[in-house]
Amino acid sequence: MNRKTLTLGEVADWMDEQYPPELREDWDRVGLICGDRQDPVTKILLAVDPTEAVVDEALEWGAQLVITHHPLFLRGTSFVSTDTARGRVVHRLIRAHAGLFNAHTNADAAAGGVAEALAEAAGLTAATWRPLEPNPNHPELGIGRVGDLPEPCILGDLANRLAEVLPDSPAGLLVAGDLDREVKTVAVSGGSGQSLLEAARESGAEVFVTADLRHHPALDYREESGAPALLVPSHWASEWLWLPRLATALELWAGEHNFAVETRISKIVSEPWDAYIPTLTSDSLNL
């Protein structure tokens, strides 16, 4: 049986069905950033960030479409010249007849999206989880997830289990809380979850897994009675977990419709940091 040619527009429409744009936060920008909807697509590269290194990787492989979690332009811009890295991304993709599509907070909120990938990594199951911050129009969906582990465990074991499934990054996994504390209810939110600290506490969670927590809010939070323990991976790592799920879903859909397409997860670690160097021990500082 001859396999059918897939177009960029068909992929974009499928992405919008899986991760409806109406689930995005009001400030967000999601969808097709550049590309011709009529162009054929046989190779799709998946990544967290639309960086120049990701574009290099995509074009070297021969991809006609890059799908990222983060948008290229979150705020308005008047210039896309090659004087800037983001401008170069646009120009290089257009010259190569390749497209760029992103699903951001809509993918955070949707079923099968970023939050659920992180929830599964933490050991939660769909039978128990619910949105941490429900969408007003779709209360069964929303930002983050909270639910119960199949069996209680100690915080240290949960942290180690999560560390084993997160992609390697210089930031590692930070822990706030007693490693011997028994926990069962876990809240998660991929990416920056600082605005959800209070929601996590009010949900009854004993652990909150999220990224990008600032010093003072996190310290104040720990001082509050009933505050959950914190497991803090890097922003990139917490959202990367979605990419294998997306690749599988794309391949299943393409197979069901006999489309000839390959997917690949980017090998680029788009962390702003390149290395982790341990600092002086407390003994050497006489603490």
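Just so you know, glycine gets a Cβ as well, placed from its N, Cα and C.
Listed in TrEMBL:
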BINDING   His69, His70, Asp108, His235, Glu239  divalent metal cation binding site
Count the Cβ atoms, other than its own, that fall within 10 Å of the Cβ of His70 (divalent metal cation binding site), considering every protein chain shown. 19
Can you tell which of Asp108, Glu239 has the most other C-beta atoms within 10 Å, given these are the binding-site residues? Asp108
Could you name the residues, excluding His69, His70, Asp108, His235, Glu239, of the same chain that surround the divalent metal cation site, i.e. Cβ within 8 Å of the Cβ centre of those residues, in sequence order? Val48, His104, Ala107, Val114, Gly190, Gly191, Trp236, Ser238, Trp242
At a 10 Å cut-off from the C-beta of His69 (divalent metal cation binding site), count the other C-beta atoms across all protein chains. 26
Output, ordered by sequence, the same-chain residues six or more apart from His235 (divalent metal cation binding site) with a CB under 8 Å from its CB, or 'none'. Gly191, Ser192, Ala211, Asp212
